[in-house]
Each structure stands twice: as C-alpha cells, then as structure tokens.
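Quick look at what Swiss-Prot annotates:
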- 67-141: disulfide bond (DISULFID)
- 70-135: disulfide bond (DISULFID)
- 98-110: disulfide bond (DISULFID)
- 198-267: disulfide bond (DISULFID)
- 201-261: disulfide bond (DISULFID)
- 225-236: disulfide bond (DISULFID)
- 294-361: disulfide bond (DISULFID)
- 297-355: disulfide bond (DISULFID)
- 320-330: disulfide bond (DISULFID)
- 25-63: domain 'Saposin A-type' (DOMAIN)
- 63-145: domain 'Saposin B-type 1' (DOMAIN)
- 194-271: domain 'Saposin B-type 2' (DOMAIN)
- 290-365: domain 'Saposin B-type 3' (DOMAIN)
C-alpha cells in the first residue's frame, strides 16, 4: 500500500500539470483565435484547440513534424518540473528521509540543507534539459553540428549562469575556508561532532533517483494524447511512452550525486563515507530484472536504428553511456545478446516489438499500435 501511495504522490504533479493546462482555457489570449492557438502545443492544449490545430493546421506541415512534436513534449516535461506541486512532492519525500536518519541530531541540519540547496539542485536539473539535443539523440530530429556528449568526469565545466547561482549563503557556522572531502567542521556553538553534509547530499539525491517511477510517468505523459483524434493520438501516445523514459534517463544521468554535491557544497568527487540509511523496503522496490533488460534493449535498438551494419556494435555500446548508474549491466546485456540484436535491428520497425521478440519485454499494455517511420 505504501509503495502505491508513493507512486501516486510522484505522479500527482504530472496529472496536475495536465489538468492545469486544460483549466486555463479562460486566458484572454485564447480569444485571438486559431492564429494564437496553433503557435505551440502548449497553447493549443491551454485553449482546448489541440484537435483543431492537428487537423486543420499542423496536419499540413512538412517532414519536421516529429522533431517539433518531440521538442514540444520536452518543453512540457520541463514545465512539469517547475510546477510547485512537483517540487513540493520532492521536498516532502526528502523531509521524510531526513526524519529517518539514524542520528536524530542530524535531522534539523538535514532539513536546513533542503531549505538552502534544494532549489539550486532543481535549477541545475532543469538546466540540463536541451530539447534540440535530446530529440536528436533519440532520432526524432536531424543531427546537427553538435559536440560529442561529455563523459561524467568532463562535466565539471560549469556554465556561467550556474556559477552565478552558486553564490548562495552557506549554512551558518557550517563551513570552514577549506572544507574536507566528506565533512565540514562546526563552530564551537554548533554540534560537537563533524556533520557529513557531503554524504547527506549524495544520499538524498540517490534516494530521489531511486523512487522516481519512470514507467508510470511515461504513461501519464501519454494521457494528454487521448484528447486528439484516434490516428494522431496513437502517434502522440507512442511518442510519449517510448521517449519519456529515455528522456528521464538522460536527465537523471546528468544529476550525478557526486557532481551536484561538488557544485553545491564543494565536496570531493570521491565516494562518500558514512553509515547507510535504513533500506526503503516499505516505500519502493527495484525494477524487475526483465523490466531493466527491456529498457536496455529498447535504448540499444533506438541508438542503432540509423547506423550502418559495421557501426551497429559501436552504437549499441554508446547507448549504454546514458545509464551511468547501470552502465556495466547494460554493457553485459549488449555483449550477451549482440548476435540477436544485430539480426533484429535491420528488420526492426519498433523497438518494443523487437525486444519482445528477443524475450526481454512484455506485450505492450496499450491497444494503440505505434506508427512506423523510416526516421525511427
């Protein structure tokens, strides 16, 4: 029961954001008519004119439709993360994590860390969302002159806006001029023990990553597609379900605990040292092995679709780069199934169907069939 309750808590901001989009139809701007409605996917939803725009305006668009729709979906996901309901849900979960710390003296300090630094971490997360790059990565937009994806250790180059935001007041008395890699000493008026801020920061970020129900969110995002005509709705739903999980993986992969805590608290990039928190068995459970392999399989096939036969093995291994936390497992999956994958990709028109044939994915729950396109 607790597991289901947590999933609905995390799903709530998504549903609220979709509901908010339709409830804002009274906006005076909507009175401008179709010229305003169809400027963007978000405006069409707000003015309850998505069906009109798809049938009368966007239905006559050129070959860049999929690219633009993908970017619009990314923008909607970005907006969801900015909703107060989403941020409140994350905050409440982290406050519960603070409350179960084994050393109760750390609880007020843990909450203080949340108050000061959670907004900065959320801003950093949102700053990693680049619609054009993400949609090119999943194959819905043409590849431009983009720079190669940085490796985790290369991400220390901090953009100027983020550097400006890092000038935040430190916790009173918590830091010295030269903080250590795992703890910051306290002043004499503070607790008479070293406070492991860096370990605490890394632990909380890892917990948030672990409890985000990616599959549930993907289905929730796809629900907006039910307001459009059946054929176009099927395309929209498959776009949302197929790529939302890939998008979340790409975004969460950039919120590496060591990197974020290094930026915010000037922590060392070394692994944190500290006692493990009690397991979250009452709240979450890991994805079943088949779900994990299904996710690996679909990502690998999506990555290899537009490559030559000679380049396929390299493309498949590159697909594992986005799974920073499970990269080794992904590499093992690719090595184990390489012959079957090489045989499936040239004939593949849908990643889920191909992975179902491989035996690592279950039958899709949705009755709508995904569209087929040479660009995917």
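Keep in mind that glycine also has a Cβ here, set from the backbone N, Cα and C atoms.
Cα of residue 355 (disulfide bond) to Cα of residue 330 (disulfide bond): a distance of 14 Å. When the disulfide-bonded residues 67, 135, 330 are compared by Cα distance to residue 201 (disulfide bond), the shortest distance belongs to 330.
Cβ contacts within 10 Å of residue 297 (disulfide bond), excluding its own Cβ and spanning all protein chains shown: 27. If you draw a 10 Å sphere around the CB of residue 110 (disulfide bond), it holds 21 other CB atoms from the protein chains shown. Shown are the disulfide-bonded residues 98, 294; of these, the residue with the fewest other Cβ atoms within 10 Å is 98. For the disulfide-bonded residues 67, 70, 330, 361, a Cα-Cα cutoff of 10 angstroms around residue 297 (disulfide bond) retains 330, 361. When the disulfide-bonded residues 67, 135, 320, 361 are ranked by how far their Cα is from the Cα of residue 98 (disulfide bond), 320 comes first.
Checked against residue 294 (disulfide bond) by C-alpha proximity, the disulfide-bonded residues 67, 70, 110 yield 70 as the nearest. Its own atom aside, the Cβ of residue 141 (disulfide bond) has 20 Cβ atoms within 10 angstroms in the protein chains shown.
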